[in-house]
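J.: Have a look at the structure that comes next, please.
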Amino acid sequence: MKKLQGAPQRKPITPDLLMTPSDQGDVDLDVDFAADRGNWTGKLDFLLSCIGYCVGLGNVWRFPYRAYTNGGGAFLVPYFLMLAICGIPLFFLELSLGQFSSLGPLAVWKISPLFKGAGAAMLLIVGLVAIYYNMIIAYVLFYLFASLTSNLPWEHCGNWWNTDLCLEHRGSKGGNGALPLNLTSTVSPSEEYWSRYVLHIQGSQGIGSPGEIRWNLCLCLLLAWVIVFLCILKGVKSSGKVVYFTATFPYLILLMLLVRGVTLPGAWKGIQFYLTPQFHHLLSSKVWIEAALQIFYSLGVGFGGLLTFASYNTFHQNIYRDTFIVTLGNAVTSILAGFAIFSVLGYMSQELGVPVDQVAKAGPGLAFVVYPQAMTMLPLSPFWSFLFFFMLLTLGLDSQFAFLETIVTAVTDEFPYYLRPKKAVFSGLICVAMYLMGLVLTTDGGMYWLVLLDDYSASFGLMVVVITTCLAVTRVYGIQRFCRDIHMMLGFKPGLYFRACWLFLSPATLLALLVYSIVKYQPSEYGSYRFPAWAELLGILMGLLSCLMIPAGMLVAVLREEGSLWERLQQASRPAMDWGPSLEENRTGMYVATLAGSQSPKPLMVHMRKYGGITSFENTAIEVDREIAEEEESMM
């Protein structure tokens, strides 16, 4: 004991990720380095957050419309095939990257610093999407408050915002049913309420002259950002608890709307229109592209949200199981939402005496015009309207939580010493900045800017980012090494299905989507308004900027290295020295003693000293070490 007391004590050094240069040597070996970063506090936090992130507004207002326009029930064939080829493998890949490294979208590129620009591109895309996505939530809040009345304000004409074209679209009952209405030469009260009162779009001459700020929309946007800030105030510790409500309650409302919808007269007419298989559509390439696009955007791959959520997991969380739960649950939710929507549209078409395709719309037109109009035809219409918009609110908030958490996590992981202690303040500053940038969306012509952002912020740029990520992980870092990392983390290696998708099928599908989106490019439009050339150019530059960040990041990474150009490329493409699991006891094989200040020859010894015994995961670690040793011997 005296010898130990007399011997000089060598202090361990905190990993670079959590330290400043003047802060070395003040921690003990038993310190959990990930504790400062934070983790999920409950077993279901991660799973519910992923479900809430993936199940969003698109499940309600995009999938049903895409299904009925692309073959009805036959659309499910390419939909589930694209889910298997593209959705599930990319979802699992992004979760694996985040959980293995416990890093955000920027710092995770220690795996290959040459491609760090892909992480910067992710942040740009998710930042632009967060700005306009919260404006949609503001619209939902506006309608939510408007539903708190005995009579819905979009039920009748005769208001100051209505025109002479306004006609209450209610079928006149006769002996043989509803007499058909001429919908082409008239405008419904709900449509004029949306365009002339909520948007006040008549006050704008176009995207170049947005007009005045609408104070009521401005306040709704402010409330939306306040709600988001309060829910992410303490990072995943607070948002992880909020999702217990926001991720589950929409299912209760959806079930109520579904039961109410299928009991309405004419409901079967809408459901039949929604699901009747038209298999000849499967011969069209457009249907397959539409299915892949729905999967791609619905699961939120490439935005960094999945990677961020997984980075707060424990090292051995079973993300393989979670991948199938979330992806299949997302698909089932989309199908159920289609039943809820089209059962009401079938009732509406019967009441008006018109075909279903004349009342069916997608996007904001469904959420803010058609469905609110259908609500006015039901008994207790304010109650059903409130439920519908409350469901949209909870669906939207989950996705917005992920967008903001992605930005905050990515930047704080880059500057942990300065920003982690002030994460709440930094989150507040981000929310304020995005609120100010989103004020243009609250003007009379704000919808034009929202359409521009929606069309270009996450279009071809997002596909380029995901293709780059897939190729960098499987081709540059190496599919064998990546599978070995997953083996170390989960206790088994991904099978042939995942390897084939990562190496060939998923990148090829995304490349086909990219080529299709370029070849079939169509200028943006909103109703009858066509965007001017300068606005189109601005949108294209918006998409190109995220793509250009990838070569820009490569240039920076190469300039930081030494030697010839080829040597610099090789050095920049190799993983950083501290790449790997964040906790020392999880670092085995090639990751042993690669953390700054690491003193243990084998992390397994650290784990045994802290917890005692050997678990199945330590057996896996021993197997991985043995595999690496055998490979090294065969190469000598």
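Backbone N, Cα and C define each Cβ position, glycine as well.
I grabbed these lines from TrEMBL:
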BINDING   GLY52, VAL55, ASN59, SER298, ASN330, LEU395, ASP398, SER399  Na(+) binding site
DISULFID  CYS157-CYS166  disulfide bond
REGION    1-21  region 'Disordered'
TRANSMEM  46-64  transmembrane segment
TRANSMEM  76-97  transmembrane segment
TRANSMEM  118-145  transmembrane segment
TRANSMEM  213-233  transmembrane segment
TRANSMEM  242-268  transmembrane segment
TRANSMEM  288-312  transmembrane segment
TRANSMEM  324-348  transmembrane segment
TRANSMEM  383-404  transmembrane segment
TRANSMEM  425-450  transmembrane segment
TRANSMEM  456-477  transmembrane segment
TRANSMEM  497-519  transmembrane segment
TRANSMEM  539-559  transmembrane segment
J.: Measuring Cα to Cα, how far is ASN330 (Na(+) binding site) from CYS157 (disulfide bond) in Å?
T.: 39
J.: Would the transmembrane segment (118-145) and the transmembrane segment (242-268) count as touching if the test is at least 3 Cβ pairs under 8 Å, pairs 6 or more apart?
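T.: Counting Cβ pairs under 8 Å, fewer than 3, so no.
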J.: Let me check the 10 A CB neighbour count of SER399 (Na(+) binding site). How many other CB atoms are there?
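T.: Counting Cβ neighbours of SER399 (Na(+) binding site) within 10 Å gives 25.
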J.: Output, ordered by sequence, the same-chain residues six or more apart from ASP398 (Na(+) binding site) with a CB under 8 Å from its CB, or 'none'.
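T.: Long-range Cβ contacts: SER49, ILE51, GLY52, TYR53, VAL55, GLY56, VAL243, THR246, ALA247.
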J.: Counting only residues 6+ away in sequence within the same chain, which have a CB under 8 Å from the CB of LEU395 (Na(+) binding site)?
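T.: Result: GLY52, VAL55, GLY56, LEU57, ASN59, VAL60, PRO250.
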J.: Given the recorded positions VAL55, CYS157, CYS166, which one is most crowded in terms of C-beta atoms within 10 angstroms?
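T.: Of the recorded positions VAL55, CYS157, CYS166, the highest Cβ count within 10 Å belongs to VAL55.
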J.: Would you say the transmembrane segment (242-268) and the transmembrane segment (456-477) are in contact under the rule of three or more C-beta pairs closer than 8 Å, pairs 6 or more apart in sequence?
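T.: The transmembrane segment (242-268) and the transmembrane segment (456-477): touching, no.
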J.: Near ASN59 (Na(+) binding site), how many other Cβ atoms are within 10 Å of its Cβ?
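T.: Result for ASN59 (Na(+) binding site): 24 neighbouring Cβ atoms inside 10 Å.
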J.: With a Cβ cut-off under 8 Å, give me the same-chain residues at least six positions beyond the ends of the transmembrane segment (213-233) that come close to it.
T.: 134-135, 137-139, 141-142, 145, 198-200, 239, 242, 397, 400-401, 404-405, 408, 424, 427-428, 431-432, 434-435, 438-439, 441-444, 446
J.: Are there any residues at least 6 positions away along the chain from SER298 (Na(+) binding site) with a Cβ closer than 8 Å to its Cβ? List them or say none.
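T.: CYS54, GLY56, GLY58, ASN59, ARG62, PHE63, ASN330, SER334 - these are the non-local Cβ neighbours of SER298 (Na(+) binding site), listed in sequence order.
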J.: Tell me which of the binding-site residues GLY52, ASN330 sits in the most Cβ-dense spot, judged by other Cβ atoms within 10 Å.
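T.: For the binding-site residues GLY52, ASN330, the Cβ with the most other Cβ atoms within 10 Å is GLY52.
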J.: Count the CB pairs under 8 A between the transmembrane segment (288-312) and each of 46-64, 76-97, 242-268, 539-559, then give me the winner.
T.: 76-97
J.: Relative to the mean position of the Cβ atoms of GLY52, VAL55, ASN59, SER298, ASN330, LEU395, ASP398, SER399, the recorded Na(+) site, which additional same-chain residues have Cβ within 8 Å?
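T.: Near the Na(+) site, beyond GLY52, VAL55, ASN59, SER298, ASN330, LEU395, ASP398, SER399, sit ILE51, TYR53, CYS54, GLY56, LEU57, GLY58, THR333.
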J.: State the Cα to Cα distance, in Å, between SER399 (Na(+) binding site) and CYS157 (disulfide bond), rounded to an integer.
T.: 36
